[in-house]
Amino acid sequence: MKLTWLSAFDIISLSPGFDLSSLFEKDKSHRSDARFTTQKSASTIVSRLEEVASMGSFKVKKKDGTVKMQGSKEGRKGQLAIDAEIFEITPAFHVVQVTKKSGDTAEYSLH
Amino acid sequence: MGCFNSKVKKQFRGHEDPIALASQTAFSVSEVEALFELFKSISSSVIDDGLISKEEFQLALFKNRKKENLFANRIFDLFDVKQKGVIDFGDFVKGLHVFHPNAPQEEKVNFSFKLYDLDGTGFIERQEVKQMLIALLCESEMKLADETIESILDKTFVEADSNQDGKIDKSEWQIFVSQNPSLLKIMTLPYLRDITTTFPSFVFHSEVDEVAT
């Protein structure tokens with residue numbers, strides 16, 4: 001899978017200090033995106049995501065550094081769709097950005 | 001322009017006129033009023049003085065008033081145009097305006113340039129980028145070898161610093177950003193479009209309507 005390369009500025013802009021959206025949110029648990037870093041290789045990350053997806057009966061599509069997961073069950077606000085975009089800082093260091101694309105936030109948080 | 005309901009005027013006494021602010025920014029008058037609700041809650045959280053201090057800003061951003069962060073400091077400093085160490089309502093609205101989805105691209109590019117130009121020399125020097133990179137790695141508890149950091153800086157400067165003088169000037173930044181539009185993602189807050197629903201304004205302003213903006 002071809003991954004997105006991060007420049008120094010891309011990495012710097014990951015800081016929560018730049019994320020003014022917290023000013024507007026009273027409750028952080030309703031965020032529709034999350035980010036985490038990992039020392040695992042890209043292929044390990046992808047396999048892990050595929051594992052999680054199959055446990056929750058998600059269909060998985062891989063495209064340009066993003067693992068797209070689509071729920072098959074109709075939730076309260078339609079099907080749950082989650083994107084996990086993988087960025088490479090070094091081959092042993094990745095950042096995964098998870099975003100809810102559609103569906104109910106409460107169902108998304110469970111996953 | 002004398003159609004201002006006297007009840008509304010009392011609310012905004014001591015602060016910049018919402019109609020004036022709306023005319024200078026991407027916000028409508030009712031959006032400015034909604035921002036006032038947010039401003040009131042942030043500016044009264046530590047000391048109720050109608051101004052946002054650095055501590056109150058940190059509290060609003062991180063839910064922790066003692067949390068120091070290099071990048072939040074940069075934003076605070078850029079909002080604090082008059083360099084008084086506090087952000088007033090006018091500063092708040094004009095600062096957030098740049099983050100509005102409808103704000104001109106040029107303003108976002110300029111703001112982001114100033115953000116990264118830590119010492120305000122008009123250039124983003126390699127040393128400054130290194131400092132910010134290290135700060136980010138520190139706060140995310142990520143460890144990278146110095147050679148890795150240097151190689152990330154090398155790659156970045158090869159792309160961004162076209163005249164290879166070790167620093168990025170405004171025009172180099174403009175070109176770099178146009179080739180890498182994701183760099184401006186932090187400069188837009190989609191939330192600002194729904195501000196009137198997130199912070200319903202309790203000001204009844206039947207005489208001040210959208211036509212005025």
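Just so it is clear, glycine is given a Cβ too, placed from its N, Cα and C backbone atoms.
Straight from TrEMBL, the features:
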type: DOMAIN; residues: B:67-102; note: domain 'EF-hand'
type: DOMAIN; residues: B:104-139; note: domain 'EF-hand'
type: DOMAIN; residues: B:148-183; note: domain 'EF-hand'
Same-chain residues near the domain 'EF-hand' (B:148-183), Cβ under 8 Å, at least 6 residues beyond its ends: 109-110, 112-113, 122-126, 129-130, 133-134, 137
Helix, strand and coil counts within the domain 'EF-hand' (B:148-183) (DSSP): 26 helix, 3 strand, 7 coil
